[in-house]
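Chemist: Found this in TrEMBL, in case it helps:
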SIGNAL    1-27  signal peptide
DISULFID  38-115  disulfide bond
SITE      65  site 'Transition state stabilizer'
BINDING   70, 73, 75, 77, 79, 88  Ca(2+) 1 binding site
DISULFID  71-76  disulfide bond
DISULFID  121-314  disulfide bond
BINDING   163  substrate binding site
BINDING   193  heme b binding site
BINDING   194, 238, 241, 246  Ca(2+) 2 binding site
DISULFID  200-225  disulfide bond
């Protein structure tokens with residue numbers, strides 16, 4: 001009996017190790033995951049983001065974009081943060097545009113000094129995103145924690161899973177739906193474009209060829225985004241309040257001042273028109289829906305079989 005018990009215990013332990021390494025056990029995320037193991041985590045992340053946003057208000061949007069682009073590619077596993085030839089950083093949607101990695105690195109260094117080998121890079125990114133949004137006037141929310149970091153990047157998935165600025169409404173609904181997010185979630189999360197900047201190459205076609213665009217707005221954008229050249233010239237996603245998280249993104253859409261084709265698709269005679277109108281007049285509803293959708297997106301887990309760990313350096317596997 002004792003031998004059987006010992007053998008059973010060994011097998012169970014081995015099964016647990018393999019399951020955790022393979023990502024077959026889906027972690028139960030909780031806002032209190034680090035309450036005992038790293039109680040200073042929220043303060044460290046908040047202070048790091050406050051310093052980063054004070055230096056450059058745009059950084060709140062940059063970190064938010066990192067989180068979105070991480071979660072849509074094999075779940076919120078920190079895989080976007082990895083360096084390497086097959087990195088997600090080198091994928092089309094991220095190459096020469098994803099930014100803010102050094103901010104996450106700096107926060108990770110502080111977290112490691114306080115609680116070594118405890119907090120995942122994926123969780124740091126989730127907290128930093130929430131704090132960045134809040135620091136520039138947006139809502140706050142309780143961030144479920146307990147994510148683990150992937151040991152690999154998924155460049156091909158990054159090229160396939162991330163909707164581009166030329167996406168149609170149907171494409172947006174489908175691609176968000178592939179991640180378990182519904183059309184309302186998509187329209188609320190698109191409100192992230194109330195902050196940040198875009199390079200000319202991503203909106204040139206809209207300002208020169210599309211007709212559902214405010215003429216004055218198009219002319220204004222053309223001044224810094226020529227028909228050829230100037231691909232990396234920047235323009236605010238929200239022409240009204242570029243660095244404040246508010247509902248002006250939606251009022252801009254009502255006036256046909258969406259910077260991307262995909263932005264204006266939300267208000268172009270389609271299924272999301274009514275919700276855009278609601279958000280344009282009810283900022284509290286937008287904030288509530290945005291926060292709820294961010295939690296929902298943050299709960300996207302890596303695929304079964306993904307090998308995970310708590311990375312010591314966000315740019316490289318242990």
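From the backbone N, Cα and C atoms, a Cβ is placed for every residue, glycine too.
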Chemist: Applying the rule Cβ within 8 Å of the centroid of the Cβ atoms of 194, 238, 241, 246, what extra residues of the same chain belong around the Ca(2+) 2 site?
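Modeler: After dropping the recorded site residues, what remains is 195, 240, 242, 244, 245, 247, 248, 249.
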Chemist: Fewest neighbouring Cβ atoms within 10 Å: which of the binding-site residues 79, 194, 241?
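Modeler: Per-residue Cβ counts within 10 Å for the binding-site residues 79, 194, 241 bottom out at 241.
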Chemist: Among the binding-site residues 70, 77, 88, 238, 246, which residue has the fewest other Cβ atoms within 10 Å of its own Cβ?
Modeler: 246
Chemist: Between residue 73 (Ca(2+) 1 binding site) and residue 238 (Ca(2+) 2 binding site), how many Å separate their Cα atoms?
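Modeler: Residue 73 (Ca(2+) 1 binding site) and residue 238 (Ca(2+) 2 binding site) have their Cα atoms 26 Å apart.
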Chemist: Within 10 Å of residue 238 (Ca(2+) 2 binding site) by C-alpha distance: pick out those among the recorded positions 70, 71, 75, 193, 314, and say none if nothing qualifies.
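Modeler: For residue 238 (Ca(2+) 2 binding site), the recorded positions whose Cα atoms are within 10 Å come to 193.
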Chemist: If you compare CA-to-CA distances from residue 79 (Ca(2+) 1 binding site) to each of the recorded positions 38, 115, 121, 194, 241, which comes out shortest?
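Modeler: Spatially nearest to residue 79 (Ca(2+) 1 binding site) by Cα position is 121.
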Chemist: To see if you understand the setup: which same-chain residues, six or more apart in sequence, place their Cβ under 8 Å from that of residue 200 (disulfide bond)?
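Modeler: Sequence-distant Cβ neighbours: 224, 225, 226, 230, 231, 232, 233, 234, 235.
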Chemist: Determine which residues of the same chain, besides 70, 73, 75, 77, 79, 88, have their CB within 8 A of the center of the CB atoms at the recorded Ca(2+) 1 site, and list them by sequence.
Modeler: 69, 71, 72, 74, 76, 78, 80, 150, 153, 154, 157, 158, 302
Chemist: Using residue 115 (disulfide bond) as the reference point, find which of the binding-site residues 77, 163, 194, 241 has the shortest Cα-to-Cα distance to it.
Modeler: 77
Chemist: Could you work out which of the recorded positions (65, 193) has its C-beta surrounded by the smallest number of other C-beta atoms within 10 A?
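Modeler: Each of the recorded positions 65, 193 was scored; lowest Cβ tally within 10 Å is 65.
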